[in-house]
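Student: One structure coming up, written as structure tokens, with questions to follow.
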Amino acid sequence: MDKIREKLSNLKLEAESWQEKYEELKEKNKDLEQENVEKENQIKSLTVKNQQLEDEIEKLEAGLSDSKQTEQDNVEKENQIKSLTVKNHQLEEEIEKLEAELAESKQLSEDSHHLQSNNDNFSKKNQQLEEDLEESDTKLKETTEKLRESDLKADQLERRVAALEEQREEWERKNEELTVKYEDAKKELDEIAASLENL
């Protein structure tokens, strides 16, 4: 019984710890989900910008092949292409970074759900142990009541045996008294019979 109570107490403490962690992660997960939405929107926006830059780069590169363009125009367009290429590369890096952060956030969200599952399992185990403990308490009370009834019956039997022993001792005493009286009466009769014979 004490072991069950101790195990139940430990599980309650562990369940409370899991619950606290779950509440913390739940709040953090809520923030992460909001961040995920914002990052997904940023990724979409950056992807659109990236596509626009690529389209502009293609147009500029196509313009370079036009023989009618002056050399100065070509130089300017090449510089624009380089600048746009750098921006495009920066956008791609930012998109990759946001995607990595998004993946990490989703993993944390999954961990939060896993923690909730663990918390539910502990709650079920805790409930089962409480039911087992309640059942054990009921059985213990029933056993204690039966033992009490047995003790009462034993006391009654002991008193009955003691009373019977007293009755037996009383009958033995009376029997001894009757035996003595019988012997005395027999002796007296023998003496009377002897006196009659002498007459």
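If you go along the chain as it appears here, the first residue is 1 and each next one adds 1.
The backbone N, Cα and C atoms fix where each Cβ goes, glycine too.
The shown structure was predicted, so the numbers you read here are calculated from the model rather than taken from an experiment.
What Swiss-Prot records for this protein is below:
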| type | residues | note |
| --- | --- | --- |
| COILED | 1-199 | coiled coil |
| COMPBIAS | 68-80 | compositional bias 'Basic and acidic residues' |
| COMPBIAS | 102-114 | compositional bias 'Basic and acidic residues' |
| COMPBIAS | 115-126 | compositional bias 'Polar residues' |
| COMPBIAS | 136-147 | compositional bias 'Basic and acidic residues' |
| CROSSLNK | K39 | ubiquitin cross-link |
| CROSSLNK | K59 | ubiquitin cross-link |
| CROSSLNK | K187 | ubiquitin cross-link |
| MOD_RES | S195 | phosphoserine |
| REGION | 59-81 | region 'Disordered' |
| REGION | 102-147 | region 'Disordered' |
Student: In angstrom units, rounded to an integer, how far apart are the Cα atoms of K39 (ubiquitin cross-link) and K59 (ubiquitin cross-link)?
Tutor: 30
Student: Return the average pLDDT for the coiled coil (1-199) as a whole number.
Tutor: 77
Student: Give me the count of other Cβ atoms within 10 A of the Cβ belonging to K59 (ubiquitin cross-link).
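Tutor: Summing over all protein chains shown, K59 (ubiquitin cross-link) has 11 other Cβ atoms within 10 Å.
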Student: Once the chains shown are all counted, how many other Cβ atoms turn up within 10 Å of the Cβ of K39 (ubiquitin cross-link)?
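Tutor: Looking across every protein chain shown, the total is 18.
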Student: Between the Cα atoms of K59 (ubiquitin cross-link) and K187 (ubiquitin cross-link), what distance do you get, rounded to the nearest Å?
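Tutor: Computed Cα spacing between K59 (ubiquitin cross-link) and K187 (ubiquitin cross-link) is 157 Å.
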Student: Provide the three-state DSSP residue tally for the compositional bias 'Basic and acidic residues' (136-147): helix first, then strand, then coil.
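Tutor: The breakdown for the compositional bias 'Basic and acidic residues' (136-147) reads 12 helix, 0 strand, 0 coil.
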Student: Is it possible to get the count of other C-beta atoms within 10 angstroms of the C-beta of the residue listed as 'phosphoserine'?
Tutor: 9
